[in-house]
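Trainee: I have a structure here, written as structure tokens, and I will follow up with some questions on it.
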Amino acid sequence: MKITAKAWAKTNLHLGVGPARDDGFHELMTVFQTIDLFDTVTLTTLDEELVEEGSVVKQLSVTGARGVPEDASNLAWRAVDALVKRRAEKTPLSAVSLHISKGIPVAGGMAGGSADAAATLRAVDAWIGPFGEDTLLEVAAELGSDVPFCLLGGTMRGTGRGEQLVDMLTRGKLHWVVAAMAHGLSTPEVFKKHDELNPESHMDISDLSAALLTGNTAEVGRWLHNDLTSAALSLRPELRSVLQEGIRSGAHAGIVSGSGPTTVFLCESEHKAQDVKEALIDAGQVYAAYTATGPAASTADQRGAHILTVSQ
């Protein structure tokens, strides 16, 4: 059996970071949105090989990006193991191989690894499920703070460490430019720097919520915010000039996406987004730039991680 699932990239329209909790995580107030950059994960059963104990994953390969682990540390591999453990029946299973095709910038603050985990959960659910949405979300939260959102998609408010999700109402599509850097940033390092700098927390999203209801792109852009910006700029000062270039080129607003170093720019139209993308590339300050729209999907069954194909 071969199952391919797809999951979108995310960006944060707002990321407010509160104090660190006893468990080491920070209390967050965030607004997630999927954009139509994506990864796919293909799970293939190796029917000639049965596994009675230990991981059923025997091989993991990645194309489209360098530096992504191809062993049990990969979040997709861990997603298989976590969901297999939830089976009621403990009979032997076929071994599986995983292949990840990357279209989301790696270590860029766009939840590429979390998207892979979410797509993998959908694939395993199609293989040996159904487990039910509640179980999938529970396992997703165990795997990582962004995995539940990648599973569900759309535009959502996230609290707790980002795993407590509520749908948000929006009007229309937003046009984005995604500017990726050649080298990623470690999320723990960014949060550590944030704690050192100790900037003011911004936990109120009421103005952004109202702007999203209007569909007015300029108004949405006015309220984009990320508390991790100062930390990301401290670790990667060159991001400041990237943000300045995007605004100079005509974007309504630009912010660091999540923990960075990817930056995203909100534009009035698809045409304007193309202009900003070309300006960023011509300036020679970014590794790659893409245009994207959000929220990513036009149909409810494709708004989050979802199955593309199943074949025997």
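Quick reminder: no glycine exception, Cβ is built from N, Cα and C everywhere.
From Swiss-Prot, for reference:
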ACT_SITE  Lys10  active site
ACT_SITE  Asp146  active site
BINDING   Pro105, Val106, Ala107, Gly108, Gly109, Met110, Ala111, Gly112, Gly113, Ser114, Ala115  ATP binding site
Trainee: Would you mind reading off the Cα separation of Lys10 (active site) from Ala111 (ATP binding site), to the nearest angstrom?
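Mentor: So the alpha carbons of Lys10 (active site) and Ala111 (ATP binding site) sit roughly 6 Å from each other.
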Trainee: Just to verify a number: CA distance, Gly109 (ATP binding site) to Asp146 (active site), in angstrom, no decimals.
Mentor: 10
Trainee: Among all the protein chains here, how many other CB atoms are within 10 A of the CB of Pro105 (ATP binding site)?
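Mentor: By my count, 23.
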Trainee: Starting from the Cβ centroid of Pro105, Val106, Ala107, Gly108, Gly109, Met110, Ala111, Gly112, Gly113, Ser114, Ala115, the recorded ATP site, name every other residue in that chain with its Cβ within 8 Å, sequence order please.
Mentor: Ala9, Ile104, Gly258, Thr262
Trainee: Among all the protein chains here, how many other CB atoms are within 10 A of the CB of Lys10 (active site)?
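Mentor: By my count, 31.
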Trainee: Can you check which residue among the binding-site residues Ala107, Ala111 has the largest number of Cβ atoms within 10 Å of its own?
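Mentor: When each Cβ's neighbours within 10 Å are tallied, Ala111 tops the list.
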Trainee: If I take the alpha carbons of Ala115 (ATP binding site) and Asp146 (active site), what is the distance between them in whole Å?
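Mentor: Distance (Cα to Cα, whole Å): 8 Å.
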